[in-house]
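Asker: The following block contains the structure, expressed as structure tokens.
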Amino acid sequence: MSAGGEHLKDEGTRRQVVLSGGIAGLVSRFCVAPLDVVKIRLQLQIHSLSDPASHHDVVGPIYKGTLSTMRTIIKQEGITGLWKGNIPAELMYVCYGALQFTAYRTTTQILAQLDPHRLPPALESFVSGAVAGGLATASTYPLDLLRTRFAAQGTERIYTSLLASVRDIARSEGPAGFFRGCSAAVGQIVPYMGLFFATYESLRPVLSGLENMPFGSGDAAAGVIASVLAKSGVFPLDLVRKRLQVQGPTRTLYVHRNIPEYRGVFSTIAMIVRTQGVRGLYRGLTVSLIKAAPASAITMWTYERSLKLLRDFRVAE
């Protein structure tokens with residue numbers, strides 16, 4: 001493997017990068033699916049965190065904390081409730097991972113041709129990460145919306161299957177229904193992925209030489225730190241995205257039945273701050289960070305190992 005921060009930029013063929021990215025997304029998603037469902041349930045709660053009296057207006061369960069939410073879901077919906085939305089999520093993560101790493105590799109190779117006016121390494125990684133994240137997010141967004149809607153279903157099923165959900169949304173909401181909240185998603189993911197890859201590329205050379213690191217390498221540790229830092233900065237947009245994704249004719253049918261009607265990113269932020277306080281923008285942040293650490297570590301570790309395996313297999317042929 002090449003040294004330093006260039007390893008993600010110039011190693012492997014396009015096919016190897018696509019396959020490795022897809023495998024990384026698939027493995028990571030399955031491992032953290034329960035935490036993702038918990039996060040979505042917490043993000044969709046609308047009662048005030050500072051006013052206990054507001055709990056009386058809640059229609060649906062009240063979730064408090066990661067473990068408590070898991071127990072409630074298992075008790076009311078069974079263990080499979082923790083994997084609701086996993087099919088569209090797996091499809092999304094496989095496609096997202098493949099597109100993300102391919103776009104990142106392609107963008108960095110294009111930027112490398114700008115000599116003698118090449119960007120500084122950190123800025124180059126930021127731009128490449130932002131482009132990769134934006135393209136992958138927009139391309140896979142309908143699957144992200146389906147994942148959220150399935151995860152938000154309680155004991156009463158709104159959508160009976162993946163195909164049925166596609167037909168229902170297309171019929172009742174039109175093509176635009178699949179892209180509710182997309183602007184918040186791109187607005188979130190571009191700085192997130194830019195910061196993630198810039199931090200990852202900066203930390204990996206430093207951590208790669210250290211022993212006894214998680215998962216046996218500096219790749220995973222660098223992925224954890226980069227993800228936690230980037231995730232915290234853009235979390236309010238992630239929450240807004242989830243609130244917008246469940247808008248439409250089925251808004252009052254999810255496990256939280258009194259989700260308000262939101263229109264647009266900025267008006268949603270303003271309404272949440274007005275009714276739930278600034279803390280309302282950070283519902284689910286704890287579980288999101290808990291999820292981000294293993295998810296990013298597993299993703300980067302699996303990607304690196306898959307790519308190495310594919311490269312070694314090609315050499316052995």
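Glycine too: its Cβ is placed from the backbone N, Cα and C atoms.
Quick paste from Swiss-Prot:
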REPEAT    12-110  repeat 'Solcar 1'
REPEAT    120-206  repeat 'Solcar 2'
REPEAT    214-309  repeat 'Solcar 3'
TRANSMEM  17-35  transmembrane segment
TRANSMEM  91-107  transmembrane segment
TRANSMEM  126-146  transmembrane segment
TRANSMEM  184-200  transmembrane segment
TRANSMEM  221-237  transmembrane segment
TRANSMEM  284-301  transmembrane segment
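Let's see these features in context: how buried, what's close, how far.
Answerer: Summarised by DSSP class, the composition of the repeat 'Solcar 1' (12-110) is 78 helix, 0 strand, 21 coil.
DSSP states for the repeat 'Solcar 3' (214-309), grouped as helix (H, G, I), strand (E, B) and coil, give 76 helix, 0 strand, 20 coil.
Residues of the same chain lying 6 or more positions beyond the ends of the transmembrane segment (17-35) and with a Cβ under 8 Å from any Cβ of it are 66, 70, 82-83, 86, 89-90, 92-102, 105, 287, 290-291, 294-296, 298-300, 302-303, 306-307, 310.
Packing against the transmembrane segment (91-107) from elsewhere in the chain are residues 8-10, 12, 14, 17-26, 28-29, 127-129, 131-133, 135-137, 139-140, 143-144, 147, 193, 197, 299, 303: each is 6 or more residues past its ends and has a CB under 8 Å from a CB in it.
The list of residues near the transmembrane segment (221-237) in space but at least 6 beyond its ends in sequence, with Cβ under 8 angstroms from a Cβ of it, reads 184-185, 187-189, 191-193, 195-197, 199-200, 203-204, 207-208, 210, 213-215, 265, 269, 281-282, 285, 288-289, 292-297, 299-301.
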Asker: Just give the helix, strand and coil counts over the repeat 'Solcar 2' (120-206), going by DSSP.
Answerer: 73 helix, 0 strand, 14 coil
Asker: Over the repeat 'Solcar 2' (120-206), what is the model's average pLDDT?
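Answerer: For the repeat 'Solcar 2' (120-206), the model's average pLDDT rounds to 90.
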